[in-house]
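Trainee: First the structure, then my questions, so here it is.
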Amino acid sequence: MSKVGIVGSGSWATALAKLLTDNEHAINWWFRNSNSIEHFKLRGHNPRYLSKSFFDISKITFSDSIHFVIDNSDILLIATPSAYVNDALNDLPKDIFKDKKIISAVKGILPEKTELLHEYLQREFNFPLEKYFTVLGPCHAEEVAAEKLSYLTFSGTDESEVQAIAAFFQTAYLNTRTNSDVIGVQYAAVLKNIYALGAGIAHGLDYGDNFLSVYIANAADEMVHFLKKLSVHQNDCTNPKYASSVYLGDLLVTCYSLYSRNRMFGTMIGKGYSVKAAQLELNMVAEGYNASKCIFDINEKINADTPIVNTVYEILWNNATAEIAFSQLESLLH
């Protein structure tokens, strides 16, 4: 049976590792910090993330060597924040992923060159899109850890391969769905983080639920508009259902949920925190921050109408006053 290696040790990596080991799969797992490995082996849980989730350690081979994990795995699950992908993979041999499959659990865009993970892998490792898959959807790590029923969508270019990958993760508390829009779902995941950050700003500015419902409806419309313009720009003919969980569902939960770090980050900005102060207090990566600049830059080529993205970008990157920027946004919503 194929062995999965996990690159990343945060909350999302931990939740996905739980799904795999609950499904009786043996895994290789890379941690940067050897002290975390020793704690995990001794106590049976990740010392820093989802620490109430206990694992059968006999199913896990830990290593602080990323080379070991990659070399001894058939499938690599990359679950690091997008801003750290380059640091994790940049010094690896160019042929290290030969004959491997890669599942991306990255929920953002790589800021160094404004690219998605598959674009980075193609550029740096000549990695084929046919062996690349994504796992995305309205699924907070905390709820997976608590075994609350959740849904994840696995995307890839080959339907039978995608279904085989999804089967690794299907459990009594996790339903899997499949999708062929491997590029669109990644951009949807990037966009929803920006919209959730904006929802947090609105909350921090003391807008109520009435406004938030209008804001999120417009965010959904804006996301679909961007994705359709993108598909035309890239000659993509997949024609996905944008009302499904991996698009609309993920947007809704990220905008509304108390677990959403992007919403928390935005709430701090709305309350008057500087970006740096909010980052220090949150102590987790809010993907929407870098994403807002990346999408703003990408949209210079696509030319979609994105007033919400533009508003969040101006607040975070050009020091626009949140109260004034949202006051101007009000007239653009419908």
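Just so you know, glycine gets a Cβ as well, placed from its N, Cα and C.
What you are looking at is a predicted structure, and each value in this text was computed from that prediction instead of being measured.
Okay, so TrEMBL annotates it like this:
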- Lys192: active site, proton acceptor (ACT_SITE)
- Lys107, Arg261, Asn262: substrate binding site (BINDING)
- Ala141, Arg261: NAD(+) binding site (BINDING)
- 3-160: domain 'Glycerol-3-phosphate dehydrogenase NAD-dependent N-terminal' (DOMAIN)
- 181-325: domain 'Glycerol-3-phosphate dehydrogenase NAD-dependent C-terminal' (DOMAIN)
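Quick one: where do these features end up spatially?
Mentor: Under DSSP, Lys192 (active site, proton acceptor) is assigned to a helix (H, G or I) in the three-state scheme.
Under the three-state DSSP scheme, Lys107 (substrate binding site) falls in the coil class. Counting only residues at least six positions away in the same chain, the Cβ atoms of Trp12, Ser82, Leu136, Ala189, Val190, Asn193, Glu287 sit under 8 Å from the Cβ of Lys107 (substrate binding site).
Other Cβ atoms within 10 Å of the Cβ of Ala141 (NAD(+) binding site) number 21 in total over all chains.
Remark: secondary structure over the domain 'Glycerol-3-phosphate dehydrogenase NAD-dependent C-terminal' (181-325) totals 106 helix, 0 strand, 39 coil, with classes taken from DSSP.
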Trainee: Restricting to the chain of Lys192 (active site, proton acceptor) and a gap of 6 or more, list residues whose Cβ falls under 8 Å of its Cβ, or answer none.
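Mentor: Met223, Asp250, Leu251, Thr254, Cys255 - these are the non-local Cβ neighbours of Lys192 (active site, proton acceptor), listed in sequence order.
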Trainee: Over all shown protein chains, what is the count of other CB atoms within 10 A of the CB belonging to Arg261 (substrate binding site)?
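Mentor: Other Cβ atoms within 10 Å of Arg261 (substrate binding site): 22.
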Trainee: Arg261 (substrate binding site) to Ala141 (NAD(+) binding site): how many Å between their Cα atoms?
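Mentor: A Cα-Cα distance of 12 Å.
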Trainee: Starting from the Cβ of Asn262 (substrate binding site), draw a 10 Å sphere and report how many other Cβ atoms land inside it.
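Mentor: If we count other Cβ atoms within 10 Å of Asn262 (substrate binding site), we arrive at 28.
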